[in-house]
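Quick notes on the structure that follows.
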Amino acid sequence: MLPPVSPLSIILLISGGCCSNVFTLEAIIKSEPSSGLLITFFQFVFTTLASYPTQFSPGSPYSVTPPTVPLRRWAFIAVMFFSINMLNNWAFAFSISVPMHIILRSFSSVTTMIMGVLRGKRYSALQILSVVLLTLGVLVSAWADSEGKGKSMSLGNEASSSDFSTGLAILLLAQLLSAWMGAYVEDTYTMYKASWTENLFYSHIFSLPLFLPLSRSLREQYVKLAATPPLGLQEGSKQQSLGAVSVPGIFLGILGNTGESLPQGILFLLVNVVTQLACISGVNLLSSKSSAVTVTIILNIRKLVSFIISTLVFGHELSAKMVLGSALVFGSGALYGYETSWRLPAARRRKEVLTNGAKAVGSTEKRR
């Protein structure tokens with residue numbers, strides 16, 4: 001797939017890929033809110049093609065290296081992965097803004113803890129506190145996002161409130177499934193010593209047949225995006241209006257002359273799938289080369305940058321409640337990462353050192 005080895009290359013993949021992906025995602029959603037299915041399909045096809053070389057083996061059946069994990073297990077993971085991605089993108093059709101989407105995706109610490117409790121794990125007081133604060137932050141952010149759309153969280157405006165509540169419920173379900181899948185994949189890695197590239201390939205290629213019953217919707221969504229006008233870039237312009245989407249000059253410079261002929265919806269779709277591949281490759285490479293605390297810190301920074309890009313570039317108004325909610329979410333996420341990835345492991349290592357030291361002293365005394 002993507003083979004960068006230096007830390008700088010990995011950081012560039014994450015910062016450039018993930019943040020650019022948020023920009024193109026919102027550009028598409030602003031134009032066609034129901035395009036989530038098409039976005040998911042293109043991402044899966046492109047990632048499958050790009051990850052195939054990592055599993056290529058000329059002498060093997062279908063020229064694919066025999067998997068270390070039973071195919072039925074990869075198929076089950078693929079179904080979960082497909083469902084989670086579909087739910088995440090489907091939520092945009094229910095008045096969920098991209099900033100709100102980013103905040104709710106940061107809710108994973110809560111769902112991970114719930115799944116851990118069900119699996120018999122115990123958590124420290126600081127972990128529980130951080131999850132309580134994160135939950136409060138998500139609730140405050142949801143309240144602020146609802147008010148920003150002119151909708152009360154009461155029963156007064158039933159139609160709009162129902163849509164928004166449905167979107168929140170869909171994202172919550174996606175987070176719960178994601179936590180369960182994370183535990184299942186973790187068990188898979190432990191049992192079979194599988195590589196992340198094998199997971200990436202099979203979780204995507206086994207998902208492709210699931211799109212067949214949705215082919216009609218895919219065609220309809222593609223036709224809508226293909227009907228969007230070209231960007232019509234003007235040389236030297238700092239900002240060009242695209243109907244509901246406003247594109248800064250820096251992005252126009254990157255896109256070059258391509259946008260003068262290609263429909264803007266298709267252009268952003270193609271850029272989205274490329275940046276999605278860069279993003280997930282960077283995250284997986286970082287996980288394979290860095291400590292858990294480094295991964296946690298960098299991903300929290302990435303989410304914060306994506307949140308800022310979405311709010312500033314696309315003109316989302318940040319109310320005091322939204323600022324408070326996002327601060328609680330990102331702050332508690334960092335606190336949870338610190339407790340889980342650094343303080344608790346350090347305490348366990350100190351305890352092991354003391355225990356081993358005591359055993360060594362005891363054995364010495366016995367020999368005397």
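Using N, Cα and C of the backbone, Cβ positions are placed for all residues, glycine too.
In TrEMBL this protein carries:
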type	residues	note
TRANSMEM	6-29	transmembrane segment
TRANSMEM	36-54	transmembrane segment
TRANSMEM	74-104	transmembrane segment
TRANSMEM	125-144	transmembrane segment
TRANSMEM	164-185	transmembrane segment
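Listed stretches 36-54, 125-144, 164-185 were compared with the transmembrane segment (74-104); the greatest number of C-beta pairs under 8 angstroms is found for 164-185. A Cβ distance under 8 Å defines the sequence-distant neighbours of the transmembrane segment (125-144), meaning residues of its chain 6+ beyond its ends; these are 100, 103-104, 106-107, 109-110, 113, 153, 168, 319, 321-322, 324-329, 331-333, 335-336, 339-340, 343.
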